[in-house]
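Below is one structure, written out as structure tokens; the observations come after it.
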Amino acid sequence: MVELPKRHKLEQSNRTREDEKLREFDEDIPDLRSLVIPWASMVIVAVIAAGIVLYNNHCDGEHSEDQLFFQSSDTMVEGSSYKESILERFLSAVTVEQHHVHKPVYEENHPSLFPLTTADRLGFSFVIIGLMVAAGGGIGGGGILVPIYILVMGFSPKHAIPLSNITVFGGAIANMILNVEKRHPLADRPLIDWDLILVMEPLTIAGALLGAFLNKLLPEVLLTIMLVILLSFTAYTSLKKAVKMYKAESRALREQGLKPDGTKESELTHINHQVEATDTNKAGDELLKDMDLQEGESPGTGDMESLAADKADELQKILDEERVTPMYNVSLLVGLFVFIISINMAKGGGAFPSPIGIKCGTYSFWMANGIMLGTIFLFCVYVRAYLVERFKAKERCGYKYVNGDIQWNSRATIVYPCICCLAGFFAGMFGVGGGIVKGPLMLAMEVHPAVASASSACMILFTSFTATTSFFVFGLLDPQYAPVCFGIGFIATYFGQIGLSILMKRSQRNSYIAFSIGGGVALSAVLMTIQSVLSLAEGEQHKSGGICGKDS
């Protein structure tokens, strides 16, 4: 008769703890909303603008044979005896077939690499500086590199973007080499958060696929204005967050009797080690606390001891699993990427032809896109169920989260993936790397700066490898500049991150990572604004009108 009240109190304790976790999650939302609400507003504006573009194209009467969506229902396809379906009219309205012949080989009247010109020396110097700024934040630096390759070194956008990708790919490898062995600053597990990557990366890809369609539909002027607004606002938000972190660190240093520059490093390091050890052991302490007898209760019975032992075993199993890289998560991500890159390369697109004859705008083209999006959706449904189940297991055994951890409950596994889709949408619509928006997003999600940087860099490795592979297969990489850009990306990022690590260790400040993220985004905003304005001034803007482009 004594067992039921005890079990009831344990269940009530678990429910209370879960309610507290949900309240903590709700408290984090306001900071996130300050970043996400403007993002969502821009998406709405972009979608409305795309609809207006389609309507205007119909009214202008351009490509009348291909744009039949808004025509009367009795319009017939030339040479056929049946009426077009609504789906056929819609697809033909948004695709506007290309009629030029694809030439998937590198063609550009650019001087050879050797001898190096003054523009090359200056450009590579700027590239190194930009990469070292972005290295610590793990944001890649594509928004910095593309303008440099275009404005300073004289490449066309068609070939500057592939060179930027292979440069970022080299830097991503350097980041991965440095980060893979690093440990979480507050827990006994790897620095890279693979659960976070498992949630963010697939939805980022899905958003990028959708955003790329709007990139083809919207006019260059509107894209430029929206890009400037996005990067400026994101940079402001990130730098504001960095300043807030810096002030908090300064207060902590003063309370410990240290100077703001981090002197008495040995004492502070000792204190940090004590804090880390305390955080690491809190999970076990929490379990013991939950298992303590309630006041006034009699000693535990065999059932209670068995229950405590089961929870302790489950907790230990979770802690053991987290001490190493979760190869299951890695294999899931690799499998998804191999599938997506295979379909994407088979599909082809506006920049290169399909190797299996799929033409842009046809049913097979849309089917390929549908397969990719459908696969990503099913993948995310599975990942959500997997993470929610792990969250429940952690709750059952009294797992103690550390500062910056995301608790993947039923609400978080819906809200955060949707926001990641927004980040990918902007990456695809503006043609910028995902790291430039995912880094600031993770800071807004209250992820520990070191974890945010390492996880963002890991995601960039996946995406830059995918893009570089596509550019290589379709011959869009300069055969002379590509290896040099790859090497510069690797070396500059490697030493840039080491330099920032030394600075952080001496000053005991993680806010420098946030400054690196914000500074990289701000520099990207300035350079891409200059590039876009000059491009518009020279009349090098693409005409809006269709996903597959216009006649050339």
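Cβ coordinates come from backbone N, Cα and C, glycine included.
Caution: TrEMBL annotation is automatic and unverified by curators.
Residues annotated as compositional bias 'Basic and acidic residues' in TrEMBL: 10-20.
Taken from TrEMBL, the feature region 'Disordered' applies to 1-20.
For 36-55 (among others), the entry in TrEMBL reads transmembrane segment.
Annotated transmembrane segment per TrEMBL: 122-155 (among others), in sequence order. Outside the transmembrane segment (122-155) by six or more residues, the chain places 108, 110, 161, 163-165, 167-168, 171-172, 175, 231, 432-436, 438-439, 452-457, 460, 464, 478, 484-485, 488-489, 492-497, 499-501, 512-514, 516-521, 523-525, 527-528, 530-531, 534 with a CB less than 8 A from a CB of the stretch.
Feature annotation from TrEMBL assigns transmembrane segment to 161-180 (among others).
Taking Cβ pairs closer than 8 Å, the transmembrane segment (192-215) reaches residues 46-47, 50, 94, 179-180, 223, 325-326, 329-330, 332-333, 336, 340, 369, 372-373, 376-377, 379-380, 383, 387, 390, 406, 408, 413, 416-418, 420-431, 434, 438, 442, 447, 451, 454-455, 458-459, 462-463, 547 in its own chain, all 6 or more past its ends. Here TrEMBL flags 192-215 (among others) as transmembrane segment.
Feature annotation from TrEMBL assigns transmembrane segment to 221-239 (among others). Long-range Cβ contacts of the transmembrane segment (221-239) within its own chain (Cβ-Cβ under 8 Å, at least 6 residues beyond either end) map to 34-35, 38-39, 42, 45-46, 49, 143, 215, 426, 429-430, 432, 436-437, 439-440, 443-444, 514-515, 517-519, 521-522, 524-525, 528-529, 532-533, 536, 541.
Feature annotation from TrEMBL assigns transmembrane segment to 327-346 (among others). Packing against the transmembrane segment (327-346) from elsewhere in the chain are residues 194-195, 197-198, 201-202, 205, 354-356, 358, 368, 371-372, 375-376, 379, 383, 462, 465-466, 469-470, 473: each is 6 or more residues past its ends and has a CB under 8 Å from a CB in it.
The annotation transmembrane segment is assigned in TrEMBL to 366-387 (among others). If one looks beyond the transmembrane segment (366-387) by at least 6 residues along the same chain, the residues whose Cβ comes under 8 Å of a Cβ in the stretch are 91, 195, 198-199, 202-203, 205-206, 209-210, 332, 336, 339-340, 343-344, 346-347, 358, 408, 413-414, 417.
Residues or ranges marked as transmembrane segment by TrEMBL: 414-437 (among others).
With a cut-off of 8 Å between Cβ atoms, the residues of this chain six or more beyond the transmembrane segment (449-474) that come close are 104, 136-140, 161-162, 165-166, 168-169, 172-173, 175-176, 179, 182, 184-185, 191-193, 196-197, 200-201, 204-205, 245, 333, 337, 340-341, 344-345, 351-352, 404, 433-435, 438-439, 442-443, 510-511, 513-514, 516-517. What TrEMBL lists as transmembrane segment is 449-474 (among others).
The transmembrane segment annotation in TrEMBL covers 481-500 (among others).
As annotated by TrEMBL, transmembrane segment applies to 512-534 (among others). Remote same-chain residues near the transmembrane segment (512-534) are listed as 130, 133-139, 141-144, 146-148, 150-151, 220, 223-224, 227-228, 231-232, 234-235, 238-239, 241-242, 245-246, 432, 436, 439-440, 443, 449-450, 452-453, 500, 503-504 (criterion: CB distance under 8 Å, separation of at least six residues from the stretch ends).
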Recorded stretches the transmembrane segment (36-55) and the transmembrane segment (481-500) touching, at least 3 CB pairs under 8 Å: no
Outside the transmembrane segment (481-500), at least 6 residues beyond either end, the same-chain residues with a Cβ under 8 Å of its Cβ set are 113, 124, 127-128, 131-136, 162-163, 166-175, 177-178, 512-513, 516
Could you tell me what the rest of the chain brings near the transmembrane segment (161-180), counting residues at least six beyond its ends with Cβ under 8 Å? 127, 131, 134-135, 138, 140-142, 145-146, 149, 155, 190-192, 325, 431, 433, 454, 457-458, 460-461, 464-465, 467-468, 471, 476-478, 481-482, 485-494, 497-498
Could you pull out which residues elsewhere in the chain have a CB under 8 Å from any CB of the transmembrane segment (414-437), counting only those six or more residues past its ends? 29, 32, 36, 39-40, 42-43, 46, 138-143, 161, 168, 199-200, 203-215, 218, 223, 226-227, 230-231, 234, 380, 384, 406, 445, 456-457, 459-460, 463-464, 520-521, 524, 528
